[in-house]
Amino acid sequence: MQPNNSQVNKRIATISGHLNPPNNFQMEGSSGLGRANCRAKGGSAGFKVAILGAAGGIGQPLTMLMKMNPLVSVLHLYDVVNTPGVTADISHMDTGAVVRGFLGQQQLEEALTGMDLVIIPAGVPRKPGMTRDDLFNINAGIVKTLCEGISKCCPKAIVNLISNPVNSTVPIAAEVFKKAGTFDPKRLLGVTMLDVVRANTFVAEVLGLDPREVDVPVVGGHAGVTILPLLSQVTPPCSFTQKEIDYLTDRIQNGGTEVVEAKAGTGSATLSMAYAAVKFADACLRGLRGDASVVECAFVASHVTELPFFASKVKLGRFGVEEVYPLGPLNEFERIGLEKAKKELAASIQKGVSFVRK
C-alpha cells in the first residue's frame, strides 16, 4: 500500500526538521509538524544533551561519540560557525539520537531549552607557547555568554565545562549563575577527566597493565602543577620508585603540552579530550538515570580544602554531584604537591570570580 501525500509530506518534514535551522520550520501540508516536536521513528527514550561549540576541534569528535551514546535521545549542536554541515554529517549515523543544529547567538536559547545536560567545549584552542592563562580573556567571555543562556533556558541542567582554563572558567560560570539566582553547586562540573585518562594510560604503561584496569585519582585542578595524581592511591594497589613518581607526575601534569608540541602548531588535545569528555558525560547520564556508585573526578564547588573549588572524586546521581569525597591519606610527596597546587589554584579561581564581578 502506497503512502498518501499527507503521509509523505509528514515523513519529509520529520527528516527536514532535524537538519534545517530552527525557524519554526514547517512543510506545506505537513499537518503542522514543526521542529519543536519532530521525533525520529523508533528513537529510544533518553536524555536531551546540548553541545556548545559543536563544530570545533573537540566539539566534532565529541558530537560523534555522543551520537553513539544510547542514553542520549536528543542531541543539540550549537556553534557560531559551521553547525549546519556538522549536523547534516552526524545526523546520517544510524543511532537513536535525534540531532538538531543551531547556528549563531540568535539561536542559542532554542538550542538550550529543555536540556538535561549541557557540555561546553567552546573556545579557542591552546597554541604552541601559549599557556592556559593566555586563553583566559577570550574564553572567559565566551563561557560567560553561554552560561547566561543556560541560566535563562535550562537552569536545572547538569553543566559539564571543558573550556580552558577550567580553573578559572568554572568560577566564572558559578558567578554568572549566582547573579541570575540559579547557582546549584551540584550541577556545575569542570571536566578534568582527561587528566585521569592520561594518568591511567601512563601508569598502565609503567606497570605493564591494560589501562582499563587502572584507576588513578587526580585531584586539584586542570593546569600544570594544579594537576596532582595520587599515585599512592592507584588501583590496583602498587608501588613506584621515586624516579617513576617524578616521571609520571611530570608527564601527567604536562600531557597537554606534549600534544601541543607534537602537533607543531596545528592544534591541541582534541581527540583524547573528546574521548575523556564523553566518558565523563556518560557517567553524568548514568547518575541522572539513577545508577548506583557512579564515581569520577571533577572540578567542583568543594569543602575538601579551604578553596571554594577543587577537583577530587565525586559521586554522581540524579541531581548531579551527590557527594564530594575527601582526599584520603597522602604521602609526603603528595602533601608538598598539594600545597603547590592550592597556591596556583587560588589565584586562578580569584581571576575567574573577578572577571564577572568587575
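Even glycines carry a Cβ here, placed using N, Cα and C.
Those TrEMBL annotations? Automatic predictions, nothing curated.
The feature domain 'Lactate/malate dehydrogenase N-terminal' is assigned by TrEMBL to 48-190. Under the heading NAD(+) binding site, TrEMBL lists Gly53, Ala54, Ala55, Gly56, Gly57, Ile58, Gly59, Asp79, Asn139, Ile162, Ser163, Asn164, Met273. Here TrEMBL flags Arg126, Arg132, Asn164, Arg198 as substrate binding site. The domain 'Lactate/malate dehydrogenase C-terminal' annotation in TrEMBL covers 192-355. Among the features that TrEMBL reports, active site, proton acceptor is placed at His222.
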Distance check, please: Cα of Asn164 (substrate binding site) against Cα of Asn139 (NAD(+) binding site), rounded to an integer number of angstrom.
7
Which whole number of Å gives the largest C-alpha distance between any two of Gly53, Ala54, Ala55, Gly56, Gly57, Ile58, Gly59, Asp79, Asn139, Ile162, Ser163, Asn164, Met273, the residues noted as binding NAD(+)?
18
Would you count the other CB atoms within 10 A of the CB of Ser163 (NAD(+) binding site), including those on all shown protein chains?
27
Could you measure between Arg198 (substrate binding site) and Met273 (NAD(+) binding site) for me? Cα positions, answer in whole angstrom.
10
Out of Asn139, Asn164, which of the binding-site residues is least crowded by other Cβ atoms within 10 Å?
Asn139
Top Cα neighbour of His222 (active site, proton acceptor) in the set of binding-site residues Gly53, Ala55, Gly57, Ser163:
Ser163
The domain 'Lactate/malate dehydrogenase N-terminal' (48-190) - residue tally per DSSP class, helix then strand then coil:
66 helix, 30 strand, 47 coil
Only counting partners 6 or more residues apart, tell me which same-chain residues put their Cβ under 8 Å from the Cβ of Ala55 (NAD(+) binding site).
Leu77, Asp79, Val81, Asn82, Thr83, Gly85, Val86
Sparsest-packed among the binding-site residues, when each Cβ's other Cβ atoms within 10 Å are tallied, from Gly53, Gly59:
Gly53
Including all protein chains displayed, how many Cβ atoms other than that of His222 (active site, proton acceptor) lie within 10 Å of its Cβ?
29
